[in-house]
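Okay, so here's the structure we're looking at.
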Amino acid sequence: MNLHEYQAKELLASYGLPVQGGILAHNGEEAAAAYDKLGGKFAVVKAQVHAGGRGKAGGVKVVKSREKAKEVAESLIGTNLVTYQTDANGQPVNSVLVCEDMYPVQTELYLGAVVDRSTRRVTFMASTEGGVEIEKVAAETPEKIFKVTVDPLVGLQPCQAREVAFQLGLKDKQINEFAKLMTGAYKAFVENDFALFEVNPLAVRENGALACVDGKIGIDSNALYRLPKIAELRDKSQENERELKASEFDLNYVALEGNIGCMVNGAGLAMATMDIIKLKGGQPANFLDVGGGATKDRVVEAFKLILEDKSVKGVLINIFGGIVRCDMIAEAIVAAVKEINVNVPVVVRLEGNNAELGAKILNESGLKLTSADGLNDAAEKIVAAVNA
């Protein structure tokens, strides 16, 4: 689950991080009032969406009057912002954050943290190349990124934070200020189950003080059950409608841009299924894992989700019977196809527990379901059916 910039800044401020002041506005009048309240020579109006690249997409504007603040806010709110991180439809802008005047600054830095799967620990990344995409820095000048891995038994040590401060070129009081900031960020990361933390840029102001000009936070969705206050911050308008509906039925669904719908049990098998579809010249329309406890209702909902995507021209169902029996899945597929008007080719591959019985149920159903003998055969049949 992602947080908006204003939510991220509020959370980080509660842990003692110095953040750029800002006021949330839901319309032009509120933006104009926010400009007056901030009282600077200029302000920055930022569209609040769950996507990076807002500046290049026109979602971040500098304004020098209350009238301009109102004009920019009205031009953004109610529209969809398309960036390099969104699909062609973009993300809806429901509000803007009017931020205080902080520029010019001495320099812009970068500070971020993720859970490093290779070390299974929180790893901080810092760079003197703030204000630009960290992926670009990693690709072009990786030597300018400093990494610190935190031992979960002892937490982030002050000496580690000071070492990063030295590498960033900070001096005197800035070193202790940065150490406090980084320690607060680690505490926030652990206590709120962050999956991602990023401040870009972390500005060094003309007076030498540090300030988080932007804030990006991603929460581990698996931990939301123990984070009720964080869960309340979820903005469902920023999520794909089908993905949102899938989560209500405990279906793992990710929309893609192909034309072959996939229904699979198991994340690994789902990824392998998408790979072999690509290998055979097809394009998967989605990732959909119905899980080990697939039932008729879940299969029906999975079918509905897949077919709501009008670009889907065929469906490949790939089930490995382990925990779940193939005959039960076959019965659910038959019931789902009868309940829903499925007018695209459907190829079914069943393997494992009661696979033969499952295939018999499908063959005797009288429905236009194509059985496949193995994953390779299934991929070839669905690609051929879609291209026919």
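In case you wondered, yes, glycine gets a Cβ from its N, Cα and C as well.
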Matching residue for the substrate site, where Swiss-Prot names G322, I323, V324 - out of N259, N265, N376, N387: N265
N265 (substrate binding site) versus N200 (Mg(2+) binding site) - Cα distance in angstrom: 39
Among D214, N265, G322, I323, which are recorded as binding-site residues, the nearest neighbour of E100 (ATP binding site) by Cα: D214
Residue among binding-site residues N200, N265 with least C-beta crowding, 10 angstrom cut-off: N200
From binding-site residues D214, N265, G322, I323, V324, the one whose Cα lies nearest K46 (ATP binding site): D214
